[in-house]
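**Student:** Have a look at the structure that comes next, please.
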Amino acid sequence: EDNHSTVEDDAANYDFDLFVIGAGSGGVRAARFSANLGAKVGICELPFHPISSEVIGGVGGTCVIRGCVPKKILVYGASFGGELEDAKNYGWELNEKIDFNWKKLLQKKTDEIIRLNNIYKRLLSNAGVKLYEGEGKIVGPNEVQVTQLDGTKLSYSAKHILIATGSRAQRPNIPGQELAITSDEALSLEEFPKRVVILGGGYISVEFASIWRGMGADVNLCFRKELPLRGFDDEMRAAVARNLEGRGVNVHPRTTLTELVKTDGGVVARTDHGEEIEADVVLFATGRSPNTKRLNLEALGVELDRTGAVKVDEYSRTSVPSIWAIGDVTNRMNLTPVALMEGTCFAKTVFGGQNSKPDYSNIACAVFSIPPLAVVGLSEEQAIEQASGDILVFTSSFNPMKNTISGRQEKTIMKLVVDAETDKVLGASMCGPDAAEIMQGIAIALKFGATKAQFDSTVGIHPSAAEEFVTMREPSRRVPGAGKPKTNL
């Protein structure tokens with residue numbers, strides 16, 4: 001089926017070839033690339049604010065304003081805590097009392113997200129994209145209405161409409177839920193929280209546990225499962241939990257919060273085990289939901305799934321042929337570089353004359369806990385589930401060289417999952433310092449189908465932790481795949 005648009009054919013009938021709702025990672029990429037391919041593009045975004053709502057957001061979106069970027073800045077900030085400890089055995093005599101100034105770091109973080117917000121606006125204008133500030137709503141298959149801050153409604157027609165409105169943190173429905181904050185507020189707290197309770201087992205909860213603990217807070221992390229980070233490799237999940245505990249986080253598995261109560265001293269969080277934990281701040285990191293409620297999609301027949309995410313085909317097209325969607329709002333793989341890939345593929349498909357499907361295989365990702373976890377490809381559990389033959393698992397667990405002097409007791413763990421028959425490396429994971437920096441290179445190898453023999457033929461960089469990935473000679477175990485025919489021999 002032909003998705004292409006020739007920009008001339010009936011452009012005269014529309015104000016724009018493309019109108020994008022949402023100027024975050026995906027929306028900005030799609031708008032710029034479409035404009036570079038000759039399309040006339042309009043885009044709308046809510047007014048800027050570090051904490052989002054249905055009517056405020058900002059150019060740059062979650063990643064830049066209240067996501068990856070400010071989060072990573074805080075992770076860097078928190079990491080110095082452990083580094084200063086480790087420095088002592090390396091001869092650094094830090095005699096005066098060391099204080100941490102949260103307000104200073106927060107101000108620097110805010111300056112940086114404002115700088116990036118301006119850079120994103122400049123990227124749009126340099127590409128010739130027309131930016132409108134206000135809330136977008138789709139009123140017809142080819143018509144968008146933008147409501148400005150003062151209530152003025154503007155209407156524009158477009159041959160194609162792209163939904164790129166992203167997602168927002170959601171709150172569990174428990175008594176006292178209004179006393180809790182989400183990741184939005186956590187990145188912009190006025191005062192440093194000395195006592196924190198975090199509810200959630202995903203990457204956001206684990207990262208904030210590391211951030212606040214690294215800065216000296218008393219942290220209680222509660223999650224429903226036995227281990228945090230469902231969906232990641234079980235061995236890595238256990239390593240992350242162990243490291244959190246080793247660095248002083250109070251970990252509460254198989255625990256959820258039943259009620260929050262305001263007290264003079266702060267907030268008391270009650271758990272389903274009957275515990276009461278007093279905190280200055282309670283953070284809910286219990287998932288995100290797509291921003292689709294106010295777009296008028298049902299009225300237009302744009303199909304949504306049960307979570308409210310926009311359903312799309314493999315080219316990011318919705319059930320209405322002139323309307324497309326990319327990024328978190330489609331709930332495919334909610335990562336910034338994935339939204340960028342989807343935006344690029346959309347522009348090529350619709351305005352570049354080449355049908356391009358996003359490829360979701362072997363996308364590396366990281367959890368910026370301290371120390372971090374990074375993975376690419378299949379976890380051991382996924383590989384076993386999908387395999388029809390045997391799986392070879394290679395693991396290495398070691399005390400990094402840096403720790404031998406600092407005295408820190410924290411093992412790095414690495415793993416390769418290999419198809420025994422073809423020798424192809426199906427997955428790699430690592431929990432330890434610099435995991436994300438190391439995994440990006442491994443991801444290239446996996447993307448191109450590297451075998452274990454090719455890993456083995458690579459000479460390592462010595463001394464480094466990364467070299468362990470090319471020196472794992474003997475498998476730790478051989479596991480039959482779930483689809484392997486059972487014999488009774």
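Residue numbering: from 1, along the chain as shown.
From the backbone N, Cα and C atoms, a Cβ is placed for every residue, glycine too.
Pasting the relevant annotations from Swiss-Prot:
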type     : residues                                                                 : note
ACT_SITE : His462                                                                   : active site, proton acceptor
BINDING  : Ser25, Tyr120                                                            : glutathione binding site
BINDING  : Ser25, Gly26, Glu45, Thr62, Cys63, Lys71, Gly136, Asp328, Thr336, His462 : FAD binding site
BINDING  : Gly201, Ile204, Glu207, Arg224, Arg230, Gly287, Ala366                   : NADP(+) binding site
DISULFID : Cys63-Cys68                                                              : disulfide bond
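Describe the structural surroundings of these features, if you would.
**Tutor:** Note on His462 (active site, proton acceptor): other Cβ atoms within 10 Å of its Cβ, all shown chains, come to 8. According to DSSP, His462 (active site, proton acceptor) is assigned to coil rather than to any helix or strand.
Cβ neighbours within 10 Å of Tyr120 (glutathione binding site), excluding its own Cβ and spanning all shown chains: 22.
Taking the Cβ of Cys63 (FAD binding site) as centre and 10 Å as the limit, one finds 23 other Cβ atoms among all the protein chains shown. Annotation note: Cys63 (FAD binding site) sits in a helical segment as assigned by DSSP.
Taking Cβ-Cβ distances under 8 Å and a sequence gap of 6 or more within the same chain, the neighbours of Ile204 (NADP(+) binding site) are Ser183, Ala285.
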**Student:** What whole-number Å value do you get for the CA-CA distance of Gly136 (FAD binding site) and His462 (active site, proton acceptor)?
**Tutor:** 54
**Student:** Between the binding-site residues Gly136, Gly201, Gly287, where is the Cβ count within 10 Å the lowest?
**Tutor:** Gly287
**Student:** Please identify, among the recorded positions Ser25, Glu45, Cys63, Cys68, the one with the smallest Cα-Cα distance to Arg224 (NADP(+) binding site).
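**Tutor:** Closest candidate to Arg224 (NADP(+) binding site), judged by Cα separation, is Cys68.
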**Student:** With His462 (active site, proton acceptor) as the reference Cα, tell me which of the binding-site residues Glu45, Cys63, Gly287 is the closest one.
**Tutor:** Cys63
**Student:** What is the separation, in Å, between the Cα atoms of Ser25 (glutathione binding site) and Gly287 (NADP(+) binding site)?
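**Tutor:** Roughly 19 Å, rounded to the nearest whole number.
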